[in-house]
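Going by TrEMBL, these are the annotated features:
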- 1-58: domain 'Fibronectin type-III' (DOMAIN)
- 64-159: domain 'Fibronectin type-III' (DOMAIN)
- 163-252: domain 'Ig-like' (DOMAIN)
- 259-353: domain 'Fibronectin type-III' (DOMAIN)
- 359-454: domain 'Fibronectin type-III' (DOMAIN)
- 460-557: domain 'Fibronectin type-III' (DOMAIN)
- 561-646: domain 'Ig-like' (DOMAIN)
- 657-751: domain 'Fibronectin type-III' (DOMAIN)
- 757-817: domain 'Fibronectin type-III' (DOMAIN)
Amino acid sequence: READHRAWTPVSYTVTRQNATVQGLTEGKAYFFRIAAENIIGMGPFTETTKELVIRDPITVPDRPEDLEVKAVTKNSVTLTWNPPKYNGGSDITMYVLESRLIGKEKFHKVTKEKMLDRKYTVEGLKEGDTYEYRVSACNIVGQGKPSFCTKPITCKDEIAPPSLDLDFRDKLIVRVGEAFSLTGRYSGKPAPKVTWLKDDIVVKEDDRTKIKTTPTTLCLGILKSVREDSGKYCVTVENSTGSRKGFCQVNVVDRPSPPVGPVIFDEVHKDHMIVSWKPPLDDGGSEITNYIIEKKDTHRDMWMPVTSATVKTTCKIPKLLEGRDYQIRIYAENLYGISDPLISDEMKAKDRFRVPDAPEQPIIKDVTKDSAVVVWNKPYDGGKPITNYIVEKKETMATRWVRVTKDPIFPSTQFKVPDLLEGCQYEFRVSAENEIGIGDPSPPSKPIFARDPIAKPSPPVNPEAVDKTKNSVDLSWQPPRHDGNGKIIGYLVEYQKVGDEEWKKANLTADSCPETKYKVTGLTEGLTYKFRVKAVNAAGESEPAYVPDPVEVKDRLEPPELILDANMAREQHVKAGDTLRLSAVIKGVPFPKVSWKKEDHEVSPKADIEVTGVGSKLEIRNTVHEDGGIYSLTVENPAGSKTVSVKVVVLDKPGPPRNLQVSEVRSDSCYVTWMEPEDDGGSVITNYVVERKDVASAQWVAISSSSKKRSHMAKYLMEGTQYLFRVAAENQFGRGPYVETLKPIKAIDPLHPPGPPKNLHHVDVDKTEVSLAWNRPDRDGGAEITGYLVEYQEDGADEWTKFQTVPMLDCVVTGL
């Protein structure tokens with residue numbers, strides 16, 4: 001099977017030997033083979049070749065080269081040529097080996113260089129008068145083949161004769177197109193001269209029509225079926241080492257002309273005649289035009305009528321036309337060798353044709369200044385009547401109305417300087433042409449222009465200098481250029497160059513990215529030295545560069561931190577609760593210091609907004625509360641040192657609630673309320689306290705004091721027996737703090753005392769085991785209704801009284817005696 005196919009093809013079924021010949025293979029293709037044994041039972045498994053075999057003949061050394069010839073002999077060199085062997089042995093020729101033998105010697109010696117494949121070789125450095133013979137062998141991948149047959153013995157000597165040239169043609173030759181011509185001659189010379197043909201100083205090359213034949217004695221250039229392009233000055237050069245000879249012939253291949261060049265232009269059209277014009281043929285056929293043949297045809301008829309056949313001008317009057325008819329014009333060119341193909345015009349109606357001029361092409365604006373511009377246009381077709389005036393109009397680009405720039409006539413000039421423009425405004429212009437028929441259409445508007453003086457490139461920036469630097473950046477500053485070239489400076493281009501390099505690198509790609517007279521060049525390498533330069537840019541382009549005088553070494557400039565405190569960083573800062581606290585300071589130092597804020601040596605509250613810029617830092621707390629007060633510190637630090645400032649912040653607020661509210665000395669119509677000052681006075685002196693009371697059955701609190709500066713108050717005018725609650729709040733200049741309230745109601749009653757002793761105790765009856773007693777009410781009840789009387793008895797002589805019982809009435813019977 002072929003290596004790139006999958007299908008197997010049988011070769012033979014009946015081989016009984018252990019070998020077989022496979023026929024019909026294709027040279028150069030790769031194949032796999034397989035074989036199987038077969039007996040009466042059947043066929044066994046196949047065995048396959050392990051790798052592909054490429055079909056090619058076995059390789060041998062090449063045959064001997066052929067036709068070894070001596071081409072030239074001088075006193076110290078011999079030039080030889082040969083042809084390749086008939087068979088290369090099945091492998092490409094890799095080189096040729098040329099050998100020589102000095103007559104009288106036995107051995108041949110190799111004279112060619114290594115790996116020579118050219119079949120021409122010049123043996124140089126020979127001795128004049130010596131005689132040699134030569135042979136050549138071919139080599140392929142197998143080895144070197146047999147040498148060729150030897151040359152005849154060759155003696156080294158010069159053969160010299162100057163070239164001679166004998167030509168069969170004259171200086172000029174005229175040939176008709178399609179005919180053949182040849183230039184022939186004879187030549188001689190020793191060594192054999194080289195023959196070169198030139199046409200118009202360009203070497204002539206053979207092709208299908210051009211044949212060059214050179215024998216050792218004759219030369220010939222032949223051209224079949226000549227064309228116009230074969231015209232030219234032909235030159236043959238015969239040259240050898242002793243000199244050269246040249247022969248010339250001017251060949252002119254002539255033909256009838258090409259058609260006149262259209263279109264046919266109707267310069268004038270009238271009801272009975274027309275005047276037409278055209279352009280001469282591109283090719284006059286190698287002979288000047290002797291005349292033009294002009295014919296006309298009414299488009300309703302098929303016949304062409306002659307107008308003239310005797311004019312050499314490229315314009316002609318077509319007479320005797322019928323008004324209103326459409327005509328076509330046909331024009332031939334003629335020379336000595338024939339008549340061209342015709343040029344046929346478009347149809348044209350015979351009638352008087354006068355109209356307003358065409359619209360001019362779009363005008364061009366030049367020489368613009370801040371108040372004027374020059375409008376230039378081309379003359380349009382005049383409509384058949386001469387143009388008498390041009391009308392130039394202007395308008396601002398955003399406007400809709402066109403305005404004439406002058407009432408004076410503009411003619412015959414095709415340009416006009418428009419005055420009285422407004423500086424900075426954008427204008428468009430258009431032009432119309434006028435003849436006796438009327439005013440034609442206006443031209444398309446010109447491209448818009450701004451009325452401003454032309455601008456030039458600016459002068460270079462002034463005094464560029466490096467004003468600051470860090471370990472990877474340099475700050476540059478400069479003054480604007482002295483002259484802006486009458487154009488606004490768009491910006492500046494900053495470039496830098498590492499000392500020792502030739503290339504300048506751009507720090508900013510566009511000028512509008514650096515509109516200010518300063519720029520920070522970043523991305524530099526610490527420790528290297530750089531040069532800097534700056535260019536100014538306006539609409540006209542870039543200025544010459546201005547250079548920073550001295551190279552700058554990129555490294556940090558160390559300056560210890562410095563704090564310039566704002567007014568809000570005084571020793572003590574008061575802020576009202578709910579307002580915003582702002583602390584800020586200007587920071588200096590190189591490199592820019594690290595900034596940290598602390599409150600009482602702890603981190604500041606998360607609600608604080610801290611902002612750090614390249615020039616300072618700001619701390620801001622919105623909606624301050626009393627807890628935001630305290631001592632705040634700002635620390636700035638860099639490798640050159642550190643600095644810290646502190647400020648006491650007092651957040652002024654309403655006071656807290658009074659403490660330890662108590663009610664004492666309760667009476668039926670009054671009581672005494674006391675309290676202690678609040679823990680927090682809100683940062684301001686407490687001006688007074690507000691005391692209020694409330695009947696527990698009522699929803700309304702009633703103020704009983706709102707201006708007390710003391711921490712106690714006598715609450716009067718209470719209603720006896722009513723239960724009351726009391727509350728107290730502190731006030732300062734920022735408002736009233738929260739109230740503190742009594743925990744339980746207080747009842748307005750006088751304080752209770754034990755009643756007095758009953759009066760007039762006596763017995764009213766006595767029995768053997770009981771006594772009936774009676775008594776009167778005591779003088780005082782102790783401030784409360786008497787609820788009962790406790791009766792006790794004591795046996796005479798004993799120490800202890802024995803309780804009997806408590807009775808509600810003023811009498812009692814004591815039993816169990």
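Keep in mind that glycine also has a Cβ here, set from the backbone N, Cα and C atoms.
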Check: Where DSSP helix means H, G or I and strand means E or B, what are the helix, strand and coil counts for the domain 'Fibronectin type-III' (64-159)?
Finding: 0 helix, 40 strand, 56 coil
Check: What are the DSSP helix/strand/coil residue counts across the domain 'Ig-like' (163-252)?
Finding: 3 helix, 58 strand, 29 coil
Notebook entry, point to check: Do you know the DSSP helix, strand and coil residue counts for the domain 'Fibronectin type-III' (657-751)?
Noted result: 0 helix, 47 strand, 48 coil
Check: DSSP helix, strand and coil counts for the domain 'Fibronectin type-III' (757-817)?
Finding: 0 helix, 29 strand, 32 coil
